[in-house]
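**Q** Quick one: the structure is below, and I'll ask about it shortly.
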Amino acid sequence: MGKVQKKTGKGRLDKYYKLAKEQGYRARSAFKLIQLNKKYSILENARCTIDLCAAPGGWLQVASKYMPPNSIIVGVDLVPIKPIPRVVTFAADITTPQCRNLIRGELKDWKADVVLHDGAPNVGTAWIQDAYSQSELVLMSLKLAVEFLTKGGTFVTKVFRSVDYNNLIWVFNQLFGKVEATKPPSSRNVSAEIFVVCRDFLAPKHIDPKFLDPKHVFKDLASTISSSTPGITAGDAQSNVFHPEKKRRHRDGYADGDYTLFKSIPASQFILGDDPISVLGSGNKISFSTEEEKGWLALSATTDEVKANCEDLKVLGKGDFKTLMKWRLALREEACPICSQLGLDVKAKDTEDATEHVEVVEVVDEEQEISAELERLNAEAAARAKRERRRANELKTRTIQRMQLQMTAPLDIGLEQHDAALGLGQDDVFDLYQARQSQRKDQNAVYTLDADGDDILVESDAEEDENAEEEALDSEEEKERRLAGLEAELDGLYDAYQGRLRERDAKYKVKEARKKNAERDEWGGVKEDSDMEDGDDSGSEDGGWDKVQENKIDDGDSSSGESDESDEESVPTTSKALKRRRPDQEQVSDKKEKRQRVVSTVADAHSNVSTSAAAKLWFSQGIFADVDGLENLSESASSTEETDEEVTESEVEDQDPDSSDDDFETVPLEKDADEDLWDGENGDQDSAVKAHIQKHGLTTAEAVTLAQQLINREKTKTQLINDGFNRYSLNSKEDLPSWFLDDEAKNYKVNIPVTKEAMAALRAKQRALDARPIKKVAEAKARKKFKAAQRLEKAMKKAEGVNATTDMSEREKAQQIEKLMRKGASAGKKAKEVKLVVAKGAHKGVKGRPKGVKGRYTMVDSRMKKEVRAKKRREKATRKRH
Ligand SMILES: C[S@@+](CC[C@H](N)C(=O)[O-])C[C@H]1O[C@@H](n2cnc3c(N)ncnc32)[C@H](O)[C@@H]1O
């Protein structure tokens, strides 16, 4: 097939397309013929068929399939058709005599029963053009059909619903007995095609050649476009330059006496004529030959553009024609003396068409402009609204997120209470700059940050307070205080956030539960010593708590100084800032500081903390005899386990006035196994690690790798110690916020390589752990074992009794003992087996023991099971209804 108008998009691949593919048809159009044949039974009785415009051969395939064997099928198309069995094909133009001769040569004297035509011209221009050529093609195919069809034969053709349609049908009716137009279901609705089935060919002896002459058949149509302009023929349908798609072929030939192709039209004909549009379409040039016309040339309305346009009308576009029409109007309206002399109404009916056209175009342009402008404004407004909506949503989401992360605590924080600029938590509390700025706004001072991030006072509103404010703000102390306050707040919020995270963590929950259990076990009872000066009883339920309080009091004057000296690193914050914290800020203290302080004081405090009775009992076992520093470990453990509440500095100060001078507070250590092992800086770290390893073994792949390397002598102890000093080991953690340190700890560390073997060892260990039976199973097994042992023991006792008796002979004794021992060794009574005997066949209706059944038995009925089930079902249904 040549160029075929393609239906684009998914619609092209419709069900007939798929069917055609499935059934091996070359074109989906095959189904059109199948459906036509189904309706009119065209092919079944045909012995000779000619298919005009047959490529790629879909219709030929159908014809070959439905026509009787040995029938003749001839296909013609402009493009060659791939061979089809039983089909002869030619490549020829059906409008040419050559095609006719080829068919004649093939058919010889035969006549065709059916002539098919599904032609579509290969022009891809405007639809009206297509339709016209299609009609011509139809007439050409009809010409061939009437030549080759036998009397009573059928002609099937495709026509397009166009102005030519009725003319064609009229012609068909002259030549065929029955003419019917139909649109098979497979023909797309979007297509203007329609199939005309002309049956019962009349085969008149003489056919008027006009019936087959497009010039005559479509004559009426051509004449509908009349021309009142002298020298312009009806064939000048193309003269409407504003509708070039309605171009028609020049089928009337040249006007009488005018045989030239180039036409020069006098300007007066265009200006004064009734049909200026036709003039523009028919001529090549507008000439100014008369004096009058030359006079128009001199007018201002006749611009250079107009003159250039008049030179060659064939190259003009729509816009140029509009210019000429406007020029014509202008001449007629203002400059043309003839018009005024003639009293011509410039907006007269004769020019209405053109005038209207031009005006409409202008109005449309203006309207278009306005609507475009409107559209633009609307789009802008919509975009703006969308942007605002998005921004609001983002803000909302951020706020919610912060609330969820506990980063925003509206009205909980001193800053926010005073500062509306923070938008009740809408703004980021981590924005230090903003926080400071807003804080200062309260004090009517505006600040900015210098290059180093320090505050610089830019201006101050309230002059009265200016000096005082400046003093306060500029002072280092004030700055430090504020900074410390903010950081403390941040830390507090971060701790709360971590707390939340931990609460959600299942492992943490288990750990907490264990801790509680341990606490329960280790509870030291009600404090005996009740001579505490402090009246605060918040934690007094716990004996351990009280003891820690005592320790703190003791430490306040004695140990703090010592610790300070003995372990300077562990108490890094001897800063004045902490001392000067605001009361509300003091409640939130640095987690790290707390930890360090406790570590430094626990060692001194241990003498005051008594170990619980259970702990004493436990550690009194021989196994712990050689373990160094056990006391410290156990004591620190008990003290820290018991004191998991925070103690504020103020409380410590309350308890001991001397301690107010002290630079640090004693806070109970938050018990954390890992912290004990890896983070603690006390002397017990090694022993704690040892204990942990003894209890759990090596639990990390890194540790196993290192251990294996040591054992395999790949590394020496010295190398390992040296490896311990790396670029991270001397990093100071001083003054860094805990959230930062937590984050650093995750990523800022040496990557110890892990070997495959280490991983395999750990996995094997884990598998062994997993393979352990669960507690209940282990208990059941142990119970069983225990009972077996008991039985055996009992049997032994009995056997001894039997042996001791004098009433029995030795043989009898041996028999009895053997029986007893067998019984004792057996696994106890076995449930006796009950045999189920189905009451059917030989057992049906049997009373008493059925034949061949030994031991215990139960008779069962095969129906019983079903009936019981049915009964249950019924009961259930009745229950539901109630
Ligand atoms: C829709 S296709 C025919 C499809 C065909 N019925 C089938 O089922 O495969 C139209 C065909 O008409 C052919 N055609 C158009 N003008 C022609 C002409 N003047 N002579 C011969 N064939 C022509 C085109 O080459 C094109 O292959």
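Each residue, glycine too, has its Cβ placed from N, Cα and C.
So TrEMBL says this about it:
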{"type": "ACT_SITE", "residues": "K158", "note": "active site, proton acceptor"}
{"type": "BINDING", "residues": "G57, W59, D77, D93, D118", "note": "S-adenosyl-L-methionine binding site"}
{"type": "COILED", "residues": "360-398", "note": "coiled coil"}
{"type": "COMPBIAS", "residues": "461-477", "note": "compositional bias 'Acidic residues'"}
{"type": "COMPBIAS", "residues": "505-529", "note": "compositional bias 'Basic and acidic residues'"}
{"type": "COMPBIAS", "residues": "530-540", "note": "compositional bias 'Acidic residues'"}
{"type": "COMPBIAS", "residues": "544-555", "note": "compositional bias 'Basic and acidic residues'"}
{"type": "COMPBIAS", "residues": "583-593", "note": "compositional bias 'Basic and acidic residues'"}
{"type": "COMPBIAS", "residues": "641-665", "note": "compositional bias 'Acidic residues'"}
{"type": "COMPBIAS", "residues": "672-684", "note": "compositional bias 'Acidic residues'"}
{"type": "COMPBIAS", "residues": "842-854", "note": "compositional bias 'Basic residues'"}
{"type": "COMPBIAS", "residues": "868-882", "note": "compositional bias 'Basic residues'"}
{"type": "DOMAIN", "residues": "25-201", "note": "domain 'Ribosomal RNA methyltransferase FtsJ'"}
{"type": "DOMAIN", "residues": "244-402", "note": "domain 'DUF3381'"}
{"type": "DOMAIN", "residues": "658-876", "note": "domain 'Ribosomal RNA methyltransferase SPB1-like C-terminal'"}
{"type": "REGION", "residues": "461-484", "note": "region 'Disordered'"}
{"type": "REGION", "residues": "505-612", "note": "region 'Disordered'"}
{"type": "REGION", "residues": "633-686", "note": "region 'Disordered'"}
{"type": "REGION", "residues": "842-882", "note": "region 'Disordered'"}
**Q** Using a 10 Å radius around each Cβ and counting other Cβ atoms from all shown chains, which of the binding-site residues D77, D93, D118 yields the largest count?
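**A** That would be D77, with the highest Cβ count within 10 Å.
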**Q** Please indicate, using numbers and ranges, the residues of the same chain that are 6 or more beyond the compositional bias 'Basic residues' (842-854) and have a C-beta under 8 Å from a C-beta there.
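**A** Non-local partners: 835.
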**Q** List which of the binding-site residues G57, W59, D77, D93, D118 have their Cα within 10 Å of the Cα of the residue listed as 'active site, proton acceptor', in sequence order.
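**A** Of G57, W59, D77, D93, D118, within range: D118.
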**Q** If you count Cβ atoms within 10 Å of the Cβ of K158 (active site, proton acceptor), leaving out that atom itself, what do you get?
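**A** Other Cβ atoms found within 10 Å: 22.
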**Q** What kind of secondary structure is D93 (S-adenosyl-L-methionine binding site) part of, going by DSSP in three states?
**A** coil
**Q** Long-range neighbours only, meaning 6 or more apart in sequence with Cβ under 8 Å: which ones does W59 (S-adenosyl-L-methionine binding site) have?
**A** S29, A30, L33, D51, G75, L116, D118
**Q** What is the number of other Cβ atoms found within 10 Å of the Cβ of G57 (S-adenosyl-L-methionine binding site)?
**A** 24
**Q** Over the domain 'Ribosomal RNA methyltransferase SPB1-like C-terminal' (658-876), what does the predicted model average in pLDDT?
**A** 80
**Q** Between any two of G57, W59, D77, D93, D118, the residues recorded as binding S-adenosyl-L-methionine, what is the biggest Cα to Cα distance in Å?
**A** 18
**Q** Indicate whether W59 (S-adenosyl-L-methionine binding site) is helix, strand or coil by DSSP.
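**A** Helix, per DSSP.
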